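Visitor: First, the structure itself, so that you have it in front of you.
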Amino acid sequence: MLDIVLYEPEIPQNTGNIIRLCANTGFRLHLIEPLGFTWDDKKLRRSGLDYHEFAQIKKHKTYQDFLTNEQPRRLFALTTKGQPAHSEVQFALGDYLMFGPETRGIPMTILDSLPLSQKIRIPMTANSRSMNLSNSVAVAVYEAWRQLGYQGATNLSKASEL
């Protein structure tokens, strides 16, 4: 499947929602520390409900530790500074989708290390600054999963079968 990477997430409710999303889609989740909350935060637990045990979650001390341990073949950074829209990218199994902290986004040092084609954005209206982190992750996850034919999903039927 694919991997979601949260770089230094700050808001426990967003991370909890993303844990639940990963449990429901089969995407793996990587958290790059420091986190803006403790792992036993009530808000994290409440937003993730009882899905923590169904999600594959890995914590990494630093971005460099993440790169060393995971060695991603293709790492996409979702950023307002990106050029191709998330729906213009052809996702493949093994891709990683990285999202930055809620208040500041992915650092320029990381963005500068990636090819332009791997800095992608979710379209918004002209006067919008950014989307909520968990909403952005959900939009990107479902586009990537759609492209991969919703591998692993249950109860899929084609319109012609209805």
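Positions of Cβ are set from backbone N, Cα and C atoms, glycine also.
Automated prediction, rather than curation, is the source of TrEMBL annotations.
Quick caveat, the model's predicted, so the values are computed rather than measured.
Annotations per TrEMBL:
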DOMAIN    2-142  domain 'tRNA/rRNA methyltransferase SpoU type'
BINDING   L78, G100, I122, S130  S-adenosyl-L-methionine binding site
Visitor: Kindly assign G100 (S-adenosyl-L-methionine binding site) to one of the three DSSP-derived states: helix, strand or coil.
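Guide: Coil, per DSSP.
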Visitor: Reported in the order helix, strand, coil, what are the DSSP residue counts of the domain 'tRNA/rRNA methyltransferase SpoU type' (2-142)?
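Guide: For the domain 'tRNA/rRNA methyltransferase SpoU type' (2-142), the helix, strand and coil counts are 53 helix, 26 strand, 62 coil.
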Visitor: Can you count the other CB atoms that lie within 10 A of the CB of S130 (S-adenosyl-L-methionine binding site)?
Guide: 15
Visitor: Run through the Cβ atoms and count how many others sit within 10 Å of the one on L78 (S-adenosyl-L-methionine binding site).
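Guide: 24, counting other Cβ atoms within 10 Å of L78 (S-adenosyl-L-methionine binding site).
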Visitor: Same chain only, sequence gap of 6 or more: which residues have a CB within under 8 Å of the CB of I122 (S-adenosyl-L-methionine binding site)?
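Guide: Long-range Cβ contacts: L78, A85, H86, M131, S136, V139, A140.
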Visitor: Do any residues at least six apart in sequence from G100 (S-adenosyl-L-methionine binding site), in the same chain, have a Cβ closer than 8 Å to its Cβ, and if so which, in order?
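Guide: The list for G100 (S-adenosyl-L-methionine binding site) reads Y7, E8, A77, T79, I106, P107, given in order along the sequence.
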